[in-house]
């Protein structure tokens, strides 16, 4: 009976209910948008923290003494300190060596580029690294590693460059990759010849002539650089046998309380905790072991999302919550006013129900049930609109669509219903106070 | 999500039952009949005690977290719950004898028990979920929302269970409710005594005796089943309430309107009772499904794929063709060593089927022991520590990699010798019953039933009599012959390639 | 004591009660008074209504008719005196208990009908059943047939004439077999034809042994009652 009444009374006062639903829909749109954006990033961060693979960047120790003021790096030693290429195999010799999937060193050389057969030169940098380089290990002389292992998603139109064998010191680098954006800027394609001349103070090295073997697309800074075998960058900088950084890819287990405690300070751990941490493949313990293996090196896990979008979202999430809260409060107040009118308008009906012997909760259930349904409908509309707005914001701000996490739907619906119910609290008190004798005997 | 619902259910369902059953068990009428709203007001004291208890429990958890005094506080709470629970049980027994004295006493002590159980419940829920964070990052994400929802849903289900069971218990009557309450209290007192004793033992406040240890061990095993028993009791109450449901008398065809109205009143009452019973059954079933899913399925460690038993050929060699194992999946085998150790090992192709490089390893890890490895999709995972093993390194020692097993490759066959498998027997703890030979007398003995046994060089020798045992002990090497010493895990990795 | 228990007790007590007039007492009002602030709306009203009586309460506007009606229908409580309804003392009941007694004991007929606009005729009757115990469409339909409204059971109130609405209202008042039917100017909004039909309906109810209290200022209607309680300035005259 209650359900039948609920259904039939739903169409009473349609215009006002539509208005209330619209109010809720507006706030739900905002909440959906904000939720979709921030939960999406939150999910990515959680996935990153829980993933079974991590990246570690190994740099010379002094470079990690960061002296960044206002976005400008004031570390005077930046790019000056280097690691020895001959130490790299030690990374594959730590306790968790079998969990190191691969590694790729990095050395950046600023150069002037001259495209063969054309006049004029442009500035660019050469990133020297391993593609699939042989790195002899004590127990595996044929071990090969490089960016092709640790960055399987790099796309090359053309061929990968050929790398000189480490034992053949006379071999010269002949081929390089050009990042997609740079290739477009310079107007080069696979097969073109480039002349690379070192740029920068105090570097005396001969210009080198190389062939472009392919065009590289990574979505990262490599798109704007020339990516070459490490030996070329070493030659162009005069830093023979040195590297600036090493990217390491490792199989790890998800972070948990122990590892976050260790990340803060390994000194806080008890001996037992330290052992269990050291013998677990946390990214932090692997990084710690790399630091132990290579003198003067600092190894840091690279949290891509946490460092990028996460840093932004963490700071603005409070703001998002406050805005959402304000929207919800405004909607609740709007609904409250509408609900009040509804109840006053239907006072006779309420009086009659009381006269027929309805318990207070039965009348409340009817009106709050109606309000809840209105909230649900408004919320559903809001989710749809919010999804659209989130897409628009995604394309406008991030240049890509936003995957709306599914959890947004139930959350927004619950919030919408709660909005309406909160808005109905004050009006519902009118129901309790209403005295049937005041409304029943009036003339029609 | 189900973890948090289950944790709350384990911690708070006993409280819900005590709250629900006390009014019926302590009522003056055999079958109660109070209408909703007024009864809630009448039981305001209970609600207040629940609230106070919950707050105290939360405070206790806070203090325990800040002062790292979890054992002390948990022991205190368990001891108090044990004492008050026992008192309540006494009061219940008394009220069965003399109602006039017993019922008010039961109500009073019961109220105290409600507060204590609420405090203990919150504290236990906190303690059980301490190692389980709501999410990996502090930015709002799906996992965080779902887990918070789990907490809310769990608390709501338990509260709902208390509310609806209370109503059905009134129909089930004083006897049924009293009996159910007695069972709940006995379970709480029993498990409470063990938990309190365990705490006292750990705090060195009572001396450790083997009797106490075995009491604690036995009773603590019951702990996870208490909530199932509680839910079964709820089911039984529903059944009793069903048997005692109000019946609707038949109405004559030519009934007066007053008779029809009376009939309608009976029907309304019957429908009302049915709805309460359905509500209890639904809430109970929902809780049961959730916690049994979590306890019996979701929280179980992954199980190993079956191992194929292997037999040695006459030359004491095991030959496995590479073609049979190069498909990229994990091929697990088991060999029973001479003294009964079940030695598991597996073969897996480290690269693709076109390039067969077979890793031949024991199904055990130097660090984690013999829990073994499983394959999930393309990943090989150590069960004990959840580490993903980088497949090309399988067969190399180090880290959490499986321990390499000595073998040779002849053409397209992998050859593993009996001696190699025997050497790794000590990596595995599982022992099956086999026939062994007394090295002194040469008689056949059953390894698990032999009266004497002696470990030498990592091998276990079994003896049929004390004489042969003593003879062996005096000069083991005279009897061990060519048996090589086995590896022990604490020795660390042995180099397998020269 | 909970109202339901009280109801049960009242039933047994009535059976044992040997009053001079053998018919059971439905209303026993003694010295009823109701003040609103300093205004005395009702002063010391005493009367008895027995089962099967048809009492008319008459008086000019402002004489306290409606106040008395509200007290009799348990919508309001007296500030002094006592009022037994079917053996239950109602003057001291709480609001919640009055709701319980009201749905059991009182059927109300209003001048302006008060049907729920979005429920059909039969659903309006079923609503009274629902609040009392449980909705039963067949029984509600039979009640509508009884007042000659069976053929319009599924019409909304807005599709019914005033007289038809009032008959639905009477069917609703009767549906729970109340001890007392209270009609407040039931024909005030009706034309002469419909007035006659409604009054005939009330007459036939009386002949079935129903107890009716009719509040009206129309002397013609009052004349059809067994007895008349006249109010003037809140006092019975």
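Here the Cβ of each residue, glycine as well, is placed from N, Cα and C on the backbone.
Given the structure is predicted, the values throughout are model-derived calculations rather than measurements.
Your range for transmembrane segment, going by TrEMBL and the list B:13-39, B:175-201, is B:175-201. Transmembrane segment is the annotation TrEMBL gives to one range among B:101-123, B:262-284, and that range is B:101-123.
Below 8 angstroms of C-beta separation, residues 1-9, 12-13, 15-17, 19-21, 23-25, 134-135, 176-177, 180, 234, 237-238, 241, 276-277, 279-280, 283-284, 286-287, 290 of the same chain, each at least six residues beyond the ends of the transmembrane segment (B:144-169), sit close to that stretch.
Long-range Cβ contacts of the domain 'YHS' (B:437-481) within its own chain (Cβ-Cβ under 8 Å, at least 6 residues beyond either end) map to 338-340, 422, 425-426, 431, 487-488. DSSP places the residues of the domain 'Membrane iron-sulfur containing protein FtrD-like' (B:325-428) in helix, strand and coil in these numbers: 13 helix, 47 strand, 44 coil. In terms of DSSP helix, strand and coil, the domain 'YHS' (B:437-481) has 13 helix, 14 strand, 18 coil. Residues 14, 17-18, 21-22, 24-25, 30, 71-72, 74-75, 78-79, 81-82, 85-86, 88-89, 92-93, 95-96, 117, 169, 208, 212-213, 215-216, 218-220, 222-223, 226, 229-230, 233, 236-237, 240-241 of the same chain lie 6+ residues outside the transmembrane segment (B:175-201) yet bring a C-beta within less than 8 angstroms of a C-beta in it. Looking at the domain 'Membrane iron-sulfur containing protein FtrD-like' (B:325-428) alone, the prediction's average pLDDT is 86.
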